[in-house]
Every structure is written in C-alpha cells, then in structure tokens.
Amino acid sequence: MLLLTSLKSLAKPATWGVVVRTLKVAVVGAGGGIGQPLSLLLRRCPGIDELALHDLSEMKGIATDLSHISQTGKVIGFTGEKELESAVSGADVVVVAAGMPRLPGMQRDHLMAANGNVAVKVATAISNASPRAHLAFITNPVNMIVPAAAEVLMAHGTFDSRRLFGITTLDVVRSKKFIGDSMNISPDDVNIPVIGGHAGITILPLISQCQPIYRCDLQEIQNLTHRIQEAGTEVVNAKAGKGSATLSMAYAGATFVNSLLRGIAGQDGLIECAFVASKLTDAPFFASPLELGKDGIKRYIPLPQMSDYEKEALEKLLPILRQNADEGINFAKMILSGQSHSPIPAALP
C-alpha cells in the first residue's frame, strides 16, 4: 500500500498527480520530529523539482536518504544558519518546522521566547533570497509567530498577505477524525471549517457547519470542541515530556502544502483553513477557510452562519488573538531594534 494515497482539502479530494509545473520547496527544521516525516511525505508530491532540507544539524545524511526514494526531483541538504538563505533561495514554498516543542506545563509566551527568533530569521532570509516565496509556519505558537514574521517582512518591504500562512490544518484533521469516529464514518467523508487561531480556546471548530450534519446536543458539542482544542495537550501528556504532536502535524503540514502547490500550479477550487492576515474580524490575524491559487490566497471565504454557542466562543477568542498579534509584532520589533540577540532554536526533537 502506498505510504499516502491521497490528501484531501475541504473542497475536494487532493490528487497527487495534478501538479504540472516544477517547483522548489524548502523545509526549515527538516531534521526534527516534524521535519523528517514532513519531508518524506513531500517526496510523494509530484511537481517538486527540488526539495531543500535545512537544519542547524548536519542534513547530508537525511537528504541522501530521501534522495534514494523512487520519485522525480532532487533533494539537497543545507546545514547551519549561514546556509539558510541558500536553502530558501528561489523557493516557491518554504515550510518552517524549526523550533522547540511545547513541553508539559509550558505556557505559549514561554514558547514564543524560545521560538520567536525562528520567525525573524526565516522571514529575513526569505526577504533577502526569495521574496516571492509562499511562507508557511508550523512553528508554535502560530498565533504569535505569524504576526512576528509579517512584521519582519514589512520591515524589509516584502510582505504579501496572500503568501504568509500559519498551518492550522491539524485542527481540521483532528476534527474530521474525531467526528468521523463518533459518526462511525470515514474521516475523509467529513468536511468542517475550523476558524480562529491555533491554541486552546482560539481553536473553534464550526460543528454547526459540519457535513454530513453532526446531530448531537449542546453538551456533546462542548465536549467535542474542548477535545479538539486540547488535542495538542493530549499528545504532549501522552508523550510524557518527550515531545509534542509530530507525526500528525507532519501529515497535516503535507496536506496543506500539497493543496498550496496545486493552487500555485493553477488548479481551482482548493479550500484549506489557515491562520493569515485577515479582515474577516477585528483580529488582524485569523484562521478561516481560504481558496488557494497561483499567488497564494485567491479568496477569503466569508464566515458562515454560526450557532449561538459558536458566536459566543468567537467573541471570547477574538481578544486573545488581538493580544497574541500585538505580542508577536512587539517581539519582532524588539529583535529588529537589536534589543535581543537570541540564537535561532534547533528543530523539533
């Protein structure tokens, strides 16, 4: 059986064989617990002429290993901060999985202190070496990392709101899995938008919009929503301090990148949820369903009608997202002003 026969967007099944033009994809943090399986899954994606793998640790072995897979395209390893710009140079898509994992009891602001430099370093490298690249962050905390990266791109005059993403696909993947199991149907047959952010109560699955209709009472909806929101903590606790969600995140990341590449190649009707600069709400960055196209975001899909429970949850999460955005932007400004010189963290272990 093939390692991965298909990945699905919210709109239609993803087909691995539709990308025609050749593309370069760079994975920053490719040596880590997310980066390695993500890179492996991306080798299954047609149309990638060059897969550039970057990490602080030596990447020659991983790149050589992946280059032996019977797929078209070359795999090149890049090591160390000095080779970051070379890794992303000319890339159509740069996926960032570098950074420290969230450990049990760790707060998101502590994680930002560890990982914020990832956003600064990568956004700076992109601005210098590949300003037209589509930049997608897996690195947490996404709610702060993406605004920080946007601030750096703006400072370099290279910000394009259509080309910067926080990958929140894992929230959709989990929602489809949990609902599919509950309804005793395949998760592939479940479509559900997940809006807001990518942490705790900022994750809002719109269960009222689920297709097929998920019939349950309010208590069941609250319980399911809470599980989706705390699914990352569930994995962190299950790993007992030895990591966070890596394999499921790699799967979700590959799902998003696959759709993004097909959009770049000109395929229509590709819908994915992602955390982006947005005017749908009064939060400057917001996760919602997007139609992807040649230049990244082709269309922001308007928010649908919501249940009273979902409307109330949305009102509660918006102030958090506004605060997260301010914190990310202020972090970037601090680094850019030279007030902090923390080193770029290594890949997720």
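Keep in mind that glycine also has a Cβ here, set from the backbone N, Cα and C atoms.
Feature annotations, reproduced from TrEMBL:
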type     : residues                                                                                       : note
DOMAIN   : 24-166                                                                                         : domain 'Lactate/malate dehydrogenase N-terminal'
BINDING  : GLY29, ALA30, GLY31, GLY32, GLY33, ILE34, GLY35, ASP55, ASN115, ILE138, THR139, ASN140, MET249 : NAD(+) binding site
BINDING  : ARG102, ARG108, ASN140, ARG174                                                                 : substrate binding site
DOMAIN   : 168-331                                                                                        : domain 'Lactate/malate dehydrogenase C-terminal'
ACT_SITE : HIS198                                                                                         : active site, proton acceptor
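Everything TrEMBL records as a feature, shown here on the structure.
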residue	record	Cβ within 10 Å
GLY29	NAD(+) binding site	29
GLY31	NAD(+) binding site	26
GLY33	NAD(+) binding site	22
GLY35	NAD(+) binding site	28
ASN115	NAD(+) binding site	26
THR139	NAD(+) binding site	29
ASN140	substrate binding site	26
ARG174	substrate binding site	24
HIS198	active site, proton acceptor	28
MET249	NAD(+) binding site	24
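Residue counts for the domain 'Lactate/malate dehydrogenase N-terminal' (24-166) under DSSP, split into helix (H, G, I), strand (E, B) and coil, are 63 helix, 31 strand, 49 coil. Spacing of ASN115 (NAD(+) binding site) relative to ASN140 (substrate binding site) is 7 Å (Cα to Cα, whole number). With GLY29, ALA30, GLY31, GLY32, GLY33, ILE34, GLY35, ASP55, ASN115, ILE138, THR139, ASN140, MET249 listed as the residues that bind NAD(+), the site has a largest C-alpha separation of 18 Å. If you measure from the Cα atom of GLY31 (NAD(+) binding site) to that of ARG174 (substrate binding site), you get 25 Å. Ranked by CA distance from GLY29 (NAD(+) binding site), the recorded positions ASN140, ARG174, HIS198 have ASN140 at the top as the closest.
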